[in-house]
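J.: First the structure, then my questions, so here it is.
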Amino acid sequence: MELELSLGDSPAPVKATIAPTPVLIPTCMGDEEDLELVLGVRATRRDEQDDQTTCTQSSEEAMEGEEDETRPHGEAPVESLSFPLFVSSAETGSANSEMCTRGFDVNTRPADGGAEAGRPSSPSSMQEASTRQQVADQEAADDEDNGGGGARKKLRLSKEQSSFLEDSFKEHSTLTPKQKSDLANRLNLRPRQVEVWFQNRRARTKLKQTEVDCEHLKRCCERLTRENRRLQREVAELRGALRTTTSSYPPLYGLHHLPAAAGTVFRVCPSCEHSKVVAAAASESFSPRVFAGGGAPAAITAAAAVPSPGAGSPPSSSAALFGARRPHFGPFAAAVIPPVLRRQPSATS
């Protein structure tokens, strides 16, 4: 009976139906009880194949062996076995049916987690555990010999050892194997410890240098940012001033139309009284392109047409007029006013 109760502790109940076979009374021997369990498993397999619906019957009715005569012929009463393993359940029918089709070994007791934990391990597992422990101990010993246990145990150096290592680092940041062994023997340390100290010292030096470079770059960046902002303000001010100047003072018109010899000084002899010389000087000084009309002024044309007074004929009124009023040429300024538009001085002045 203990075997049957242990099988009933399984949390996965299944629905079982049995074929119309004679019901065995549980008071018989153990072999017959095993036969009753096998018949129940086979009946469950047939129930999955036929998909027949059954009803349950109490274990007391199964033990008494009562049969309902009102049922149609060919249908057998459904018995719920006394084992909780075969209690019907609609929710877990598929999973339990799969387990039943695989079959159960009724002669073996199901494994229990607590019992397994309490059992003594086999000799092979004990040997493997001891082997793993030995390997771990060997690795720990190797790390301790090579100085690799720094993460678990920090190296403590005296002041003399630290100062000597600092002086050695200032001389040589890296050590050769011979220097490393000599330094380790002198300081009563292992070569691995000396090597690790130098590695850490180089890392700290590099980190400090990186921090210094970072601060320097930050200052340079801030200075360049301020300079860039100042230049942008100056550019904005210059652009505003250029717009104001362009709108207030339009460009002068006609400066590119000035004669090419505007800066040249023209001087005429004051004792010259010949009108031809005056007309020639006027024609040489001013090109016809100065005037927008394209033609020479009427005064210059008339002056060019006046005959010379030294030709023997009496001077006419126009000749007397030009002879009395001799033009006076002086230096031209930047903004030159044509002499034809300037008031000519009198002869008495």
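Any Cβ shown, glycine's included, is placed from N, Cα and C.
According to Swiss-Prot:
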- 150-209: DNA-binding region (DNA_BIND)
- 89-99: compositional bias 'Polar residues' (COMPBIAS)
- 121-135: compositional bias 'Polar residues' (COMPBIAS)
- 167-183: compositional bias 'Basic and acidic residues' (COMPBIAS)
- 42-186: region 'Disordered' (REGION)
- 208-252: region 'Leucine-zipper' (REGION)
J.: What does the DSSP secondary structure composition of the region 'Leucine-zipper' (208-252) look like, as residue counts for helix, strand and coil?
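T.: The counts are 41 helix, 0 strand, 4 coil.
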J.: Could you give me the DSSP helix, strand and coil counts for the compositional bias 'Basic and acidic residues' (167-183)?
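T.: When I sort the residues of the compositional bias 'Basic and acidic residues' (167-183) into the three classes, I find 12 helix, 0 strand, 5 coil.
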